[in-house]
Amino acid sequence: MEKGTRKKNSKGTSSIEGLKHARQEEMTQPEKYMFSLAAIALVVAVCVAPLTAEISTSGFSSHKHSVLKMDEAVLTVNNDLDSEVVVFWMSERCYQCLYQQLGVVPAAQSPGQPGSVDFVVSTQHEITLQLNSTPVNLELCTIPFHFGEHGNYSLWVKNLNDSSVVNCSVVNDADPINSYIPILVAFLIFAGLAVVSAIGRTLLGLDVVKGILFRISGSMETERLINSELGSPGRTVTSVTDNILPPPPNPSKRLRSLDTFRGVSLVIMVFVNYGGGRYWFFRHTSWNGLTVADLVFPWFVFIMGTSIALSVNSLLRAGLTRCALLRKVVWRSLQLFIIGVFIINPNYCQGPLSWDNLRIPGVLQRLAWSYLVVASLDLLVARGHLDILTTGAWWSPGLDILLYWPAWLCVLLLESIWLFLTFQLPVPDCPTGYLGPGGIGDMGLYANCTGGAAGFIDRWLLGENHIYQTPSSRVIFATHMPYDPEGVLGSINSVLMAFLGLQAGKIILHYRELHRSIMSRFLIWGLLLGAISALLTKCSTDQGFIPVNKNLWSLSYVTTLACFAFVLLVLVYYTVDVKKWWSGAPFYYPGMNSILVYVGHEVFEEYFPFRWRMANSQSHAEHLTQNLVATSCWVVISYVLYRKKIFWKI
């Protein structure tokens, strides 16, 4: 841990400054106000949990519902035919998949007494039911239907008007619950707190309120109120360093938008890691496509690259040598890797770590690799003094790219290696260039080919026991091969993501206070990367040349998420640093202590108040409340650490 201290004037301070120094650990009025709002948010969230649970389970009348889990419904299949019916199902998210058998429904015993069997079906996505007759396995009908959570449905199979034509129809016997009400309630709570916070800051900025506070608290407290960061979001914080490199001797202006962007990514990452209320869109997608959970890690890598550019430039200007910085980069990368392997390791849930099943890849390991490569490349080409560069030449608009062409060449070479290995490496018993999930995907032809070349390289280089054993592809595609989403081959594209973030940092350095130029270039990069994504994916989920895939960290995944990152960075930069409409709170605080928050939320995940025994473990409302409270706790912790000037830097 590093604890910051305030530098004192060698010639002494005025009485007011002395009092301020003596009371620097106390909160100002707006800070107390914000801290109180955070505490209120936690209390309200806990108190509202039973209410949301009661609302979300209204209409819960059938006895059958009591045994249902989250995202499940009851389907009763009534067979009025004189032969058995076999029921199959397939999720709409399962691309080119085999149907899976749900069960067999016996034939009707007599007219008016159909054969009947109850099944439990998934409600996360629309599913397609296929009914076949036995013993000839003739397809009778196919029904796509999206079942509602805890609903009760009947599927009737009859001969139409006593003919050979079979009619299949679904009837809703009991209405499903609305499992999204807890999200609405949570949104209203936090939106209300944000509105109250904004109104409070506005009122505190009025001259009338300042006068009242002056009379109540005295001139010293009023001065602190006016100068408070929370009361005046436009104040600039010094030091241009990321959460890895130490502050330079001569600190310069720091952009709050970068820490805010990092904080947004981190807070969402913590929330989805804690479970995201067990909603499917807060979990990683099974294979191709995107969910909320798939957005945040690449954004974190992106903003790390941006911070590298600013940090290296600042430290070079401060006089540090490139060799000294390279040693620090290597050492910090090694520390990140060690923390990821031995502290943040999912195998802890299986007992003490053992080399026999130790997972080697991981989130921090990938951050370490990306940081090492991108920081090293930047140290080779970075310019310490950009103010002496020629800006009047015809090629000056491309200065932020042309000056660093050797680094670009290295990254393009790495990307060529990824493309070659992905599409040309022979994989035993699998088609060359395969990008599918295996399992029941692709009609079950390549069940053991999960991830193609990426999976094969990990299994060959690291061993099956040292990679992730329960990939998200198991959920829909029923894969049984281990596959690691933070594997070796995908790490190449994480370098590309960090390097694109580095480019954002170069734009900020070259155009400093020219806000219009910075934002226009961000938008140009976003447009260019979006066009590349559209070309690679053919604007589809599964039909493109290279689909968007988080498990593979495919090229289109990087270009798509980098496009989003540039656009989001424009919005945050404009509102926080240009117009100063927003201070970045509360995301700014975890963004300033990202390593501590990430490691802490993983290590203390199973401890109170981050987790507790729930009354109903199959309630979205209780899971959402628990996950929001846990995430809010880390925001409050990061705020307290910020006030105490405690920052964990490695």
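Note that Cβ sites are derived from N, Cα and C of the backbone, with glycine treated the same way.
Heads up, TrEMBL stuff is auto-annotated, nobody curated it.
Record features (TrEMBL):
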COMPBIAS  1-10  compositional bias 'Basic residues'
REGION    1-23  region 'Disordered'
TRANSMEM  33-53  transmembrane segment
TRANSMEM  180-200  transmembrane segment
DOMAIN    254-373  domain 'Heparan-alpha-glucosaminide N-acetyltransferase catalytic'
TRANSMEM  263-281  transmembrane segment
TRANSMEM  296-317  transmembrane segment
TRANSMEM  329-348  transmembrane segment
TRANSMEM  401-421  transmembrane segment
TRANSMEM  488-509  transmembrane segment
TRANSMEM  518-536  transmembrane segment
TRANSMEM  556-575  transmembrane segment
TRANSMEM  587-604  transmembrane segment
TRANSMEM  624-642  transmembrane segment
Q) Which residue counts does DSSP give the domain 'Heparan-alpha-glucosaminide N-acetyltransferase catalytic' (254-373) for helix, strand and coil? A) 89 helix, 2 strand, 29 coil
Q) Which listed range (180-200, 329-348, 401-421, 488-509, 624-642) shows the maximal number of Cβ pairs under 8 Å with respect to the transmembrane segment (556-575)? A) 488-509
Q. Looking at the transmembrane segment (624-642) and the transmembrane segment (488-509), are there 3+ C-beta pairs under 8 A, with each pair at least 6 apart in sequence?
A. no
Q) Are there residues at least 6 beyond the ends of the transmembrane segment (401-421) whose Cβ is under 8 Å from a Cβ of it, and what are they? A) 373, 377-378, 380-383, 389, 395, 453, 457, 489, 492-493, 495-496, 499, 503, 506, 555
Q) Where does the mean pLDDT land for the domain 'Heparan-alpha-glucosaminide N-acetyltransferase catalytic' (254-373)? A) 91
